[in-house]
Amino acid sequence: MVNVRKCAMIGCGLVGSSAAFSLVESGLFSELVLIDANRDKAEGEAMDLSHGMPFARPMEIYAGSYDDIRDCGLIIITAGANQKPDETRMDLVKKNVGIFKRIIPEIKKRQCEGILLIVSNPVDILTYAALKLSGFPPNRVIGSGTVLDTARLKYLLGQHLRVDSRSVHAFIIGEHGDSELAVWSSANVSGVELDHFCELCGHFKHMETMQRLYEGVRDSAYEIIRKKGATYYGIAMAVRRIAECILRDEHSILPVSSLIEGHYGISGVCMGIPAIVGSSGIEKVLDIPLSEEEQKKLQASAQAIQAVLNTIEF
């Protein structure tokens, strides 16, 4: 029987440990098991987090093994090699697919009926790998997709327009990587079309500004890695948000990575497209309105992902 309030974190590096901390702060779960190839690392992280429990909601945190995931409602995978400066997420493919070929069969062996949340990069490729290697139904395999990229766009737009980023409604979709695209055609600020809102704020050079903001989103990971070595806080908060949607059965719409079949003329790849997320995972992938140019860019992004998938044997 699945315990929806039990979560496993596979991978206790910077992303995994930051995500674990974010989940502890959230109070969403009553049990958190940390699994890592380096047992000492998992034990150290579990001890460190547990020592803060007097300041948090009750939760059992411990280092465990794959046997502990049998009844997990949510299994989060952050394990994998880190992205190096000037290395694209796609450059990580061979290393991290190899790691997944060791991890996913262990999960499958335990016949877990929980939801898989993939965070390791390149997330779209690894979400597809997890789907193929696990045999799970597509709704139960979710990637973090472009949830963080979308948050970055909303933040930058909020800064530019001097409004709360939570009032900005815009998506980054496609690959979580260099071929991702911003959906400007439906972007708005609390229902006001973005172009019109910009003019209300005295901004008139829309195309130049939108391109600059898009590039800021697309290239932000490279800049952060160059400055501090890795990105982990933003994605940790994104993981928490996705976990909230699942545990609380929110039916919220997030641009997570999931299997795309027939949307926008795309099939057979996992990529970030807005979807309704709830207790069963992916409830429904949405066909949000796209301009003709945006559809072409999305199809090009899918082709970039497919080209990499074609080089991998599952």
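Placed from the backbone N, Cα and C atoms, the Cβ positions cover glycine too.
Pulled from TrEMBL:
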{"type": "ACT_SITE", "residues": "His176", "note": "active site, proton acceptor"}
{"type": "BINDING", "residues": "11-16, Asp36, Lys41, Tyr66, 80-81, Asn96, 119-121, Ser144", "note": "NAD(+) binding site"}
{"type": "BINDING", "residues": "Gln83, Arg89, Asn121, Pro122, Val123, Asp124, Asp149, Thr150, Ala151, Arg152, Thr231", "note": "substrate binding site"}
{"type": "BINDING", "residues": "Lys154, His169", "note": "beta-D-fructose 1,6-bisphosphate binding site"}
{"type": "DOMAIN", "residues": "6-143", "note": "domain 'Lactate/malate dehydrogenase N-terminal'"}
{"type": "DOMAIN", "residues": "146-311", "note": "domain 'Lactate/malate dehydrogenase C-terminal'"}
{"type": "MOD_RES", "residues": "Tyr222", "note": "phosphotyrosine"}
{"type": "SIGNAL", "residues": "1-22", "note": "signal peptide"}
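This view paints the features noted in TrEMBL onto the structure.
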{"residue": "Gly11", "record": "NAD(+) binding site", "DSSP (3 states)": "coil"}
{"residue": "Asp36", "record": "NAD(+) binding site", "DSSP (3 states)": "coil"}
{"residue": "Tyr66", "record": "NAD(+) binding site", "DSSP (3 states)": "helix"}
{"residue": "Gln83", "record": "substrate binding site", "DSSP (3 states)": "coil"}
{"residue": "Asn121", "record": "NAD(+) binding site", "DSSP (3 states)": "coil"}
{"residue": "Asp149", "record": "substrate binding site", "DSSP (3 states)": "helix"}
{"residue": "His176", "record": "active site, proton acceptor", "DSSP (3 states)": "coil"}
Among Asp36, Asp149, which are binding-site residues, the residue with the most C-beta atoms within 10 angstroms of its C-beta: Asp149
Reduced DSSP assignment, Thr231 (substrate binding site): coil
Among His169, His176, the most crowded of the recorded positions [Cβ within 10 Å]: His176
Residue from Gly13, Val15, Ala81, His176 whose C-alpha is spatially nearest that of Val123 (substrate binding site), among the recorded positions: His176
Integer Cα-Cα distance in angstrom, Gly13 (NAD(+) binding site) to Asp149 (substrate binding site): 21
Rounded Cα-Cα span from the residue listed as 'active site, proton acceptor' to Ala151 (substrate binding site), Å: 13
Under 8 Å by Cβ from Val119 (NAD(+) binding site), same chain, sequence gap 6 or more: Val15, Ala19, Ile76, Ile77, Thr78, Gly143, Ser144, Ile235, Val239
Helix, strand or coil at His169 (beta-D-fructose 1,6-bisphosphate binding site) [DSSP, three-state]: strand
